[in-house]
Structures are given as C-alpha cells and as structure tokens.
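K.L.:
Straight out of TrEMBL:
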type	residues	note
DOMAIN	344-459	domain 'FAD-binding FR-type'
TRANSMEM	39-65	transmembrane segment
TRANSMEM	85-108	transmembrane segment
TRANSMEM	129-158	transmembrane segment
TRANSMEM	191-210	transmembrane segment
TRANSMEM	231-251	transmembrane segment
TRANSMEM	263-286	transmembrane segment
TRANSMEM	307-336	transmembrane segment
TRANSMEM	466-486	transmembrane segment
TRANSMEM	579-604	transmembrane segment
TRANSMEM	616-641	transmembrane segment
Amino acid sequence: MENPADSSGDTSNKLPLLHKTEFDSDSSSSSSRSLNYTILLLVLQWVLYILMWVSFILWIGFIVLMPSHFMRQLLEKTSSTVFGITGSILLLFGVPLVIIAFLGIIYIEISSKESSRRKNVKSPRPRLWTFPALIDGPFGVVSAAEIAVIVLFVAYIFGTMAVYVIKDYRSVGESPLPSIEKWWVMLESSGLHLGSVGLFCLGFLFLPVARGSILLRLIDIPFEHATKYHVWLGHATMALFTAHGLCYLIGWSLEGRLLHEVVQWNSIGIANLPGEISLCAGLAMWATSLRFMRKHYFEVFFYTHQLYIVFVVFLALHVGDFIFCIAAAGILFFVLDRFLRFCQSRKDVGVLSAMCLPCGTVQLVIEKPSGLPYNALSFVFLQIRNLSLLQWHPFSVSSSPYDGRHHLSILIKPLGKWTNELRNMVSRTKEQPQNDLSAAFPFKLNASVEGPYGHQIDYHLSYNNLILVAGGIGISPFVAILRDLLHRTEQGQFGLPRNVLLIWAVKKSKELYILDLVDAECICPAFANKICLELQVYVTQELQPELENGRDENIIHSISNPAMRARPMSSLVGTGNNIWAGIYMISSIIGFVVTMVLTKIFYIDVNRSNSWWSRGLSIILCMVVGVIIFGGLVVVLWNLWEDKISKYQRKINHSKESRETCQTYSQQKLGAGEGMEKLVNPNNTLYGHRPNFD
C-alpha cells in the first residue's frame, strides 16, 4: 500500500527511515550522560582503591620496620609537633587506618550505587580466600589465604624478635657486666620486646569485633566470620604478654628484687603494678575464652570478657601515652562502634507480630525504618527486657528486603531458658478469649535490637548454582534466601542463580512447618517454570508422617499493640546510612585530637606533668570524650534526622505498608497454602534417613 505522504507528491514531508527525532536526541544525550557518569564512578573507585592499598602497605610497612634504624629516624623527624613522640606514633600507626576508613566510606557509598547497575557472576574456579585448606583442627575451617596470612604473621613475630635479640646480644656482649648479669639483662630485654610486639597484635585485636566497622564492611567480612580472627589474635596477644610478664618475673627473682618490683608504680617510666593488674585481667579473659568454656559456660565467658575495660585502662597506666598509642587506633575504632551500638540498643523496638509454630519455633516481626538496609543473609542481636536485662542473642534474619520496607522477621527455636520463656509468653495468647478486644495485643514485648549486620553484598546472587545444606533451625537464613530469590525472579531480575538445591534434615515432622514460611506460590506464581528449585528433606526420628488434623490448627497468631508500629528499630548502626556513619567517625576522631590538644595545653603543660601513667590515662579519657561528646552530637543529629524522615514517610503513606504487614504477615505466609503447591511434600521428604554426602 502506498503511503499517503508519497501519493500527495509533497516530498518535503518525507522523512528518512532512521531520522533522529527530538526524543531520540534527548535519549541519546541521556545515555551519553549516564555512560560518562558510570565511567566517572569507575575511575573514582579505582583511585580510592589504589589510595587505600597504598595506605595499608604503608601501615604494614611501618609495623614491620619498627625494629630498624630507619623507623627510629622517622620517629625523631616527625616528633616536632605539639604532641612530640606521641604524635609521631599516632601519625605512623594510626593515621593510615583513619585514611583507609575515610576513603572506605566514599568507596562503599559509590559501590552501593554502582552495584545496582551491574552484577558480577562468579565463575566456578578455586579462590584462595574461600578454598578450605584445613577443615578440622584447633583453628576450625581455615582457607588457603588465611593460612598464608597466619604464616606471614608468625614470621613477623619471630623475625622481629630475632632482630631485637641479635641487637641486644651484640650490645650486651660489649658491656663489662659479669656473665650471669648479662643473661639477666638479656632476659628482661627479651621481655620488653615481647611486650612491644604484643602491642602491635593488640592493635589488630579489636578490629574484628567492631561489628559495624567500616573496615570490616570494606573487605566484606561480616562480624560472625571476623570473630575467629579475634580469637586467633587474642591467643597470640595473650601468649606474648604472658611471656613478657614471665621474663620480668623470672629476671627479678634471679636478681633478688621481685617483691620490690612487683608493687612498684613509677611516675616516670613503666609502672609495674598496673601492668600486673592488666595481665591478670587478660589471663582471666583468656582462660574463660577457651572453646570448652565458651561451649558449656558461655555466660561465664561473656561476663568475664567485660574485663577488657580493666585490661585496656591499666595497660595505658602501665606503659604511658606514647607506647599505648601503638595500639590506640584499633581501640578507637572499637570504641566508635561500641558507643554507636549502645545508642542503638537504648531504643525500645516495636514487635509487630509474634507467631508460634507447632514445633515451638517463634517468629517475631520487628519494625524497622524504611531506609535501613539489610540483605537476606543479615543477622541482628535481640534483647527482650521482659525476659532478661542483660542477655543479648544473635538471630539470622528470615525475611527478604523485598518482603516490605518497614519490617524484618526472625525465627527463634526454644533451646534454652531464655528461648523457652519467650515461646511460653507467645503461647499464652491462645488462652485469651476470642471476643476479647485485648486479645489482639495480650502482652507487651520490650525489645531492643542491634544491627543488622552481615555481608556488604548479596554474595548468594553471584553464583549460577546454589547448594544449601541446613539442619533444624539452621534453615532460617535459607528461608530468607529462598524468599529473596523468589521475589527477584517475580520481578524479572537478570543474572540470578538458575539452579537451587536445598538439603534439610530435621528430627520431627512438625519442624517442616518452618519452610511453609517461604510460601513460594504466593510470592512467585508458577515459580517452578521460572527457577529450578529442588528440595531434599530428611526427617531423621520418624518413620512416617504424622496424621494432620488441620494444618494450621496449632499455629498461634498474636498481633502486638498498634502503638508498636510507631517504634521502629534505630538506624544508628555502622551498616546503616553511610554518610551519617562517616560524619560520626570523622567528628569523633577530630574530637579525640582536639581533646588531646586541650589536655596538653591546659593540664600537662600547666602542671608540668611528666607522669607516664597519667598521660596514658589521658589518652583513654580523650578517646572517650571525643567519641561521646563530639561523636554524640552527631548521633543526636542523626537520630533527629531519622525521626524526621520516619514521620514524613508515615505522613505520606499513613504507614499503609507497615499496617498491612503487621496484620497479614503471619497469616499470609502459612495460610496461603490451601490449594497451592507447597515446597515440602511427600515426593521430596524421606523419613527415617539422614543425608548421604559420600
């Protein structure tokens, strides 16, 4: 058919087939700007990445070269500031870490924007950091990269000690002292160097237990994985400090001045008595942190570990300011995280709903701010003041961020006194009369939450195939993963895992109700046509399924007081808003430096105080004041900003999502199964058997 424009004979209206319209021009310009923006982000990422590596290499280099003449000269050249040698040590052993943290905040903020634009699918090849080189042993599961780091760390300790011993042997050999006294001097000198190496280990010791630290997020090692590094470093540090103390005790005994030295508290120089108190506190923590104590007497281990305050304070009194500053940076990052966690945990959090499954497992749905990010493998620390004022327990998040912006859920299995009391509290709801209006909120849970913590990225999305193996309540994080994958599949996201195999072993068939929380058909209708999801379920202590008299008969629903909906968990956490977390860190460090300057000018210089122990204590006090006063001001502003944003969002949507979630979350997850295919069925469930991994 002929085009009407052609038949009119007017060629002025004829347009080329690929004629670029105004819309096409705007679209092309927008694409060009987007491409330039992406390139700019990538370049900036690489610049930050290189700068962080340079800072890290310098930091490690300063530590390794500490016994050298070069470092002695460098310390002398940098000691002309108002802080003297203390400032030199802070500059060389603290500033590189601060630079890494500052650049890391910018890097993570850029990466979070860039990660939504692209996705890296990992190819199936061995990786040193994840390849298990040791599976069973005193260190647990150890990767090849971790073994390499351990070897380098041990080489550093022995190499540094060898350098010190050789130097001491040469200098002592030239002295006119009697032979026996030379050995006494060598023994005490060795003790001195063991202590100095232990201080460098102490600088690393506190970094893995700063749960929301930017440094852990930067290398994408979550707190629960980093704790094993804290354990290893703790053993090494205490072994060095114990050897340090023994060398001096033996040397003093041989010289016949043990009693005099043990009680000595010098104003100028090392104060012995505070060091002994610090060592005793460290030994108490070390003894109660052994695997047997942690497993069978966890509360003894936990409460004894609070002696770390005594350990650090008396260590500062023992060595003075400039020596303590060797480890000050790592301790400061821990104090930053600890104060932020304290502020977050002070807020009462609303428990939107509680549900008790037939197996006794309790599901709690907790309100959170819409701007607080988490992923499917996150976890939180939970305290319920109705049950205990001191106990905090970690629980994996069992929900996906796509389940709702205003809540997250956790699963709790009754395995101890605390969890059994929680189950009993929720179970009492079935005793409430059905026509009683108070039955909607028959109890009040005074909860506090720390977190969420976990991996910086959704690394489970980086693989084409997933094999998930769980036992009992260990299915909790996999419930979150399955829900997350189903949501993303329903949204049509690309690059998701294509094949998922879940192997799950339970003792009783009642535990199978837990997997009904996934509710695959409700999230992603006809999911079997979109994702290959295979289940192998084993019920080990039953030979056949129990008779079912109504699938939801023993499921207890309890919706808490509506007032709880205005009480989300606080976003004052290092893994929350990157900008606010960065401002908090920078202001605290500035406050630390400013407080040190003021202390130097108005106390030390005015009183002409040369006491080492008082100067060491001043470093601790300046650190605490800097974090609480300067960092606390940022926390107040952060909290006000969070409240303002929350009120604005509630005003916009009247908490519609939160309200609907509160009322229907539990029922939807377990009640939608009528007439729909469930993940667990007789075809994939085997009774009286265990998984065979041979």
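Backbone N, Cα and C define each Cβ position, glycine as well.
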K.L.:
Tell me if the transmembrane segment (466-486) touches the transmembrane segment (129-158). I count contact as 3 or more CB pairs below 8 A, with pairs 6 or more residues apart.
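P.N.:
Not in contact, no.
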K.L.:
Please count the residues of the domain 'FAD-binding FR-type' (344-459) that DSSP assigns to helix (H, G, I), strand (E, B) and coil.
P.N.:
25 helix, 37 strand, 54 coil
K.L.:
For the domain 'FAD-binding FR-type' (344-459), would you mind checking the mean pLDDT of the predicted model?
P.N.:
81
K.L.:
Using a Cβ cut-off under 8 Å, which residues of the same chain at least 6 positions beyond either end of the transmembrane segment (307-336) come close to it?
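P.N.:
Counting only partners 6 or more residues beyond its ends, the transmembrane segment (307-336) has Cβ contacts under 8 Å with 84-86, 88-90, 93-94, 97-98, 101, 195-196, 199-200, 202-207, 209-210, 213, 215, 270-272, 274-275, 277-278, 281-282, 284-285, 584-585, 588-589, 592, 612-613, 615-620, 623-624, 627, 631.
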K.L.:
List, by number or range, the same-chain residues at least 6 past the transmembrane segment (616-641) whose CB is under 8 A from its CB atoms?
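P.N.:
Result: 86, 312-313, 316-321, 323-325, 328, 331-332, 335-336, 339-340, 343, 570, 572, 577, 580, 583-585, 587-596, 599, 603-604.
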K.L.:
Which sequence-distant residues neighbour the transmembrane segment (39-65)? Criterion: at least 6 residues beyond either end, Cβ under 8 Å.
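P.N.:
Result: 71, 92-93, 96-97, 99-100, 103-104, 106-107, 110-111, 113-114, 156, 160, 200, 218.
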